[in-house]
Amino acid sequence: MLAAIITLQTQENASQNLIIQRPPSGLSLQGRISIPGDKSISHRALMLGAIAEGETEIQGLLLGEDPRSTAHCFQALGAEISELNTQLVRVKGIGLGNFQEPMDVLNAGNSGTTIRLMLGLLASHPGRFFTVTGDDSLRSRPMSRVVKPLQQMSAEIWGRNSNTLAPLAVQGQALKPIHYHSPIASAQVKSCILLAGLNTEGKTTVTEPALSRDHSERMLKAFGAELSIDPETNSVTVTGNAKLYGQKVVVPGDISSAAFWLVAGSIVPGSELVVENVGVNPTRTGILEALAMMGADIQLENQREVAGEPVADVRVRSSQLKSCTIAGDIIPRLIDEIPILAVAATFAQGTTIIRDAAELRVKESDRITVMAQQLNKMGAKVTELPDGMEIVGGTALVGAEVDSHTDHRIGMSLAIAALNASGTTTIHRAEAAAISYPNFTSTLKEVCR
Ligand code: S3P
C-alpha cells in the first residue's frame, strides 16, 4: 500500500497549507504515538506555580502557543519561568497576592483559558492595575461569563461592549466571597471564580449545571488550597487567604489531541494505533464514551494514576462506525472533541445528532458553522442546528480546498477527514495546530503507511 503524500507549504504571508494526497488504493495508519501534554493542565501548572511559594517543576508541559501565552503573562506579573523548550519547566512562584504591576498589556494570544483564569487572579489583587488582551479571535469571545460573577464579588473591570470584550482593564480590589450559580458548565468560569476566591477572605463557592473538567480542583488541592467538593450539586468551595506551595507536576498527554488519532484509527480501514500516556480524567472521557456508542474498537491499557490524574495507553483498531446522538451532560466532557467527532460521524452509518452544544459557537471559531461549511466542501452532509449539528454519514468524501479559520482543532480535524477522502485536500492556515499540537504534521507523516 502506498503512503499518503503529506506536504506543508509556507505561504508568503507565513501562513501554511497542509496538503494531503491520499493514494487511490487508500492507506492505513500504524504505530505507537506519543502526544503533547494536556493543554488545560499545562495552563494550570504554570499559573499555580506562579502564585505559589517556592519552586514548581513541571514535567511534560505542552510546548504549544497557548501555554506560551500563559507563561509570558505570568512572567510579566513577576514569576520566573524557565524557557519552554525542554520537557522540564521550572517556575519560581511569587506567592499569592504578590503580582507586580506589569509594564505593558498582558497578551493571552488565542487562549480563552489564559485570559479567563487570569482575570480571576488579577481582579483579586488589591491596589494594582492590569490590562489584558488577545488575538482577533479572543477579542471577539465573550468575557461577560467571567466579568459578571467577578463584578458580583465587587471586581472593577472595564472593556468594550459594556465591559464584555477584551481588551479589558482591571483595577484589582479586595473582593468579597460569593456563591455563584453558573448558568453554563464551564471549567474556565468555575476556575476563574475559584482563583479569585483564593485571595478573598471567606468561602467562595461555584455551582455548575453539569460537571466540567476538574483539573483546577485537583491541582489546587495538591498545591495546598483548602477545597471542598459536593458532587451531588456540582459545587466547589475554596477557602480564601490561601497559601499555595510549589509542587512537582506531571502533565499527562492531552486526550483532546489523542482524539484525532482515535478517530483516524477508527475510520481509516486496516489501521491500528496505540496512543501512549493519555490523560483519562473522567471529566474528559466523553470522547471515549461517544466513540464506544458509535461502535469504535478502543481499549484502555496500562491504566495508572500519575500525579493525581488517571492515565492510560489507548489502542484503536479500525471498525465500521454507526451513528449516535450526543447531547446533555456528556457535552462538557467532550466539548473540544466535537469537531473531530463530526468527522467520525461523516463516516458512520446513519444520522448522528449533536445537541446542547451551543458553546461551540463561541470557541476559537464558531465550530458549528465552520465545521459544517468545511466538511460540506468535501462532500459531507452536515446541517447546522442552533446548538449542534445533524450529520448524515456514509457519503464518500472528496479532496477539496478547506480552511482552519485559524482554529487549531478545525485544522487538525479536517486533516483527519482528508485521510479518508479521495484525491488531494489542501488545508489553509494549518499552522493553527501549533496552539495545542506543534508536531501534529510530523506524527501524521509517521503513522501513514
Ligand atoms: C478549558 C475549558 C473548556 C475548553 C477549553 C479549555 C479549560 O472551555 O473548551 O478548551 O482549560 O478550562 P469552557 O470552560 O469555556 O467550556
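The backbone N, Cα and C atoms fix where each Cβ goes, glycine too.
Take the 3-phosphoshikimate site that TrEMBL assigns to Lys39, Ser40, Arg44, Ser186, Gln188, Asp336: the candidate from Lys203, Lys221, Lys363 listed for it is Lys363. The CA atom of Ser186 (3-phosphoshikimate binding site) is located 11 Å away from the CA atom of Gly112 (phosphoenolpyruvate binding site). Arg141 (phosphoenolpyruvate binding site) falls within neither a helix nor a strand when secondary structure is assigned with DSSP, and so counts as coil. Checked against ligand 1, the binding-site residues Ser40, Arg44, Gln188 give Ser40, Gln188 as the ones with a Cβ under 6 Å from it, listed in sequence order.
Among the recorded positions Lys39, Arg44, Gln188, Asp336, Lys363, the ones whose Cα is located within 10 Å of the Cα of Arg141 (phosphoenolpyruvate binding site) are Lys363. A Cα-Cα distance of 14 Å separates Ser40 (3-phosphoshikimate binding site) from Arg409 (phosphoenolpyruvate binding site).
Comparing Cα positions, Arg44 (3-phosphoshikimate binding site) lies closest to Gly112 out of the recorded positions Gly112, Asp336, Arg367.
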